[in-house]
């Protein structure tokens with residue numbers, strides 16, 4: 001499997017504009033690109049082909065009745081190599097097996113917590129195994145472990 | 001053959017007259033309804049019915065003699081009960097059973113029937129002897145009790161369901177409130193971080209960062225409380241270690257190591273926020289002042305619990321002591337002194353050449369109980 005290189009492409013799916021703006025800036029501070037911000041599933045579906053996201057940060061509660069789980073299923077089909085991380089205040093709504101997603105960053109997050117999670121994700125995506133210890137702000141799924149161990 | 005005739009003979013006698021068999025006279029006169037049937041005749045007919053039986057059923061002797069007992073059965077008589085009696089008769093056994101019977105006038109009564117075979121010296125069944133008792137009142141009482149019991153059970157079930165629904169609603173509400181608090185805290189954090197990007201003044205920006213740190217500490221308290229299964233306890237040692245990791249990460253001092261020696265140290269949730277802010281001030285002060293950038297440092301966190309006393313010690317091996325300002329100045333210091341009174345915590349500072357240490361002694365559950373520390 002070919003490894004992505006820095007800077008990574010991020011897709012942000014979040015219905016709260018201030019929070020998505022904050023996340024966007026933190027991701028850019030970490031040296032990565034935000035290719036799109038979507039507030040609901042239909043906006044993700046409407047994204048043009050072109051740049052594929054390496055990482056999708058997905059809120060659970062989204063606009064127009066769609067959920068992070070809907071987006072999770074869609075992203076897995078359209079961009080099978082993307083790492084999907086839920087960013088939610090509602091981690092209880094995530095199924096036990098994460099529905100194939102790779103982990104969760106619980107809200108409310110701190111600047112440090114968020115940045116260390118992004119740093120860790122970058123190490124896993126670009127150059128596994130990661131040198132940093134998994135940060136407390138990021139909970140990984142089994143799918144993520146498989147991703148991390150993949151040759 | 002003549003036993004039967006004897007019965008008829010006896011039947012014809014008047015016990016008042018003192019003649020005949022005294023046992024037969026007793027059976028005739030007792031208030032207990034009794035009959036005798038003859039299984040050796042076709043259809044096991046009644047051959048004797050005492051006065052009490054005639055009174056109970058409303059049938060005269062002439063209407064009873066020669067007929068099978070089934071004339072007492074009616075519409076709502078339980079066929080299973082009838083079957084049990086039939087089997088007992090066929091097998092020559094005793095039977096005791098409550099059966100719904102009907103009088104001649106059609107009214108029903110509950111009959112506590114006791115039936116047993118009477119054998120001769122060879123063991124052959126000669127007769128069946130049956131006593132009856134009108135237990136309508138008792139059965140009615142039972143039925144009433146059973147009905148009442150069922151009603152109460154239904155009521156209890158209904159109320160239990162109501163309570164369950166209320167509990168579910170409460171849980172949903174708690175979940176909703178928790179979710180809103182977390183979303184709002186996320187939003188506050190986002191707003192402050194966005195604002196911070198517009199500020200050039202380093203002093204102002206440092207103050208805003210300290211503010212964000214305090215809000216992050218509160219958010220961490222909330223997250224740790226609601227992610228655990230038990231919202232009534234809050235482990236202050238585990239919280240301090242969690243927060244220290246976040247703060248070191250945020251400071252960019254990658255060469256500060258955090259050493260922990262933690263045992264379970266639970267404080268009450270009323271103390272959680274205040275103690276969370278205090279620990280945040282101590283840790284951020286120590287990260288800000290104790291270490292020189294680029295040099296290795298160490299923060300040691302020790303937590304212990306003994307009965308209702310929790311001890312938390314946060315120590316660094318930095319240079320803070322040489323500056324003599326181990327107690328944080330400004331708002332940080334005020335937060336520590338005010339909130340420690342509120343949270344029932346006492347803080348001792350110790351400084352020496354090898355660093356600074358803050359020892360917190362917390363009385364679990366004590367809010368506003370500790371004496372003022374100045």
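Yeah, the Cβs are placed from backbone N, Cα and C, and that goes for glycine too.
Database features (TrEMBL):
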DOMAIN    B:19-92  domain 'PAS'
DOMAIN    B:93-147  domain 'PAC'
DOMAIN    B:176-366  domain 'Histidine kinase'
DSSP-assigned states of the domain 'PAC' (B:93-147) in counts, ordered helix, strand, coil: 12 helix, 28 strand, 15 coil
Local confidence of the domain 'PAC' (B:93-147) - pLDDT mean: 90
Helix, strand and coil totals (DSSP H, G, I; E, B; other) for the domain 'PAS' (B:19-92): 36 helix, 8 strand, 30 coil
